[in-house]
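Enquirer: Could you have a look at this structure, given as structure tokens, before my questions?
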């Protein structure tokens, strides 16, 4: 902070807190720490509601009792709801000061998820700080990117940001569908026979002259151009490369160029090269293009965000299944084969084979390819099925609440973009 005294006074709803200027710099609450980087009174008023230069006092027209509980979190590291205060109102205060739901204690997180599920409400930091940070973001973006570059970035990265973005997203979806249809059709026996005959007739002709090759080349060209443009207009190139969806794009595009490169180097027809196991595996990686649809569909985005936030619950579920597989697999092998080596059930000759039976029993699939024939084995099978139902149901509640929260969060963001698009269209 390049102005004021050495002691800063934070006035929140009439309750005052005094902090040294050095403490403000690394303050755990993001809105308060932003005061340190303010170089003028105008920038200060973008963060707080009012400022008294003589007393170096910053005014925030917020809930004082809620801020008191937030200060307890700053001091002791535990954040809980204010008694007799609406959970959504307190969450609103949290987001204003720069906290997230993950900072709450686990019991309070569950209360918040249930409340949001009941009211179909979700608050985001973007919702509360759009007006405050718009001018700051605009000025910083103006230094990094020109106006047209930012518009291009929004067009390619946010399908609901404009009419052009919606058209571009629709074209991209069409190319993905066409590519998937061609990939699936290429595995049909009749298609393979026709392709083999074509290769025999045109052994020295490149496959791009065939309709399937032309369609494949057009799709690859579109995806490549889209990926390159998105990389050029991205704000952070390193972050762009690390994103999972962009990695999937690269993995889906690369096999085609490997095939073309080998055609140029070896002079062989690319259709013949696909007979190799490695290239067949790489070519089949094009199925990952289906995941590109996650950019344009709320359901797939919700699923991905839910899996990301519930990775602990997913790991816990896998641990439950692995422990049950080890226990029931060993017991099944013992009861069905280990006690009578001569006339035992050969399908349970090993623990790994028994583990396969355990997993299809716990998930209640029951292919029927192997099953216990002894009375103790059947009793164990019943316990295995019941245990599987219970173990699989335990983490479902947490995953469900996270899914509902993610869905309303993404739906809220999509609605904001749609309203912005409508306003832009009307203006």
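Cβ from N, Cα, C; glycine included.
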Enquirer: Choose the correct range: of 138-159, 314-335, which one does TrEMBL annotate as transmembrane segment? Give that range.
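Expert: It is 314-335 that TrEMBL describes as transmembrane segment.
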Enquirer: Can you work out the mean pLDDT of the predicted model over the domain 'Ion transport' (166-409)?
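Expert: When the pLDDT values over the domain 'Ion transport' (166-409) are averaged, the result is 78.
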Enquirer: By Cβ distance under 8 Å, which residues at least 6 away from the ends of the transmembrane segment (287-307) in the same chain are close to it?
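Expert: Sequence-remote neighbours of the transmembrane segment (287-307) are 159, 169, 172-173, 176, 179-180, 183, 223, 245, 248-249, 251-252, 314, 399, 402-403, 406-407, 409-411, 414.
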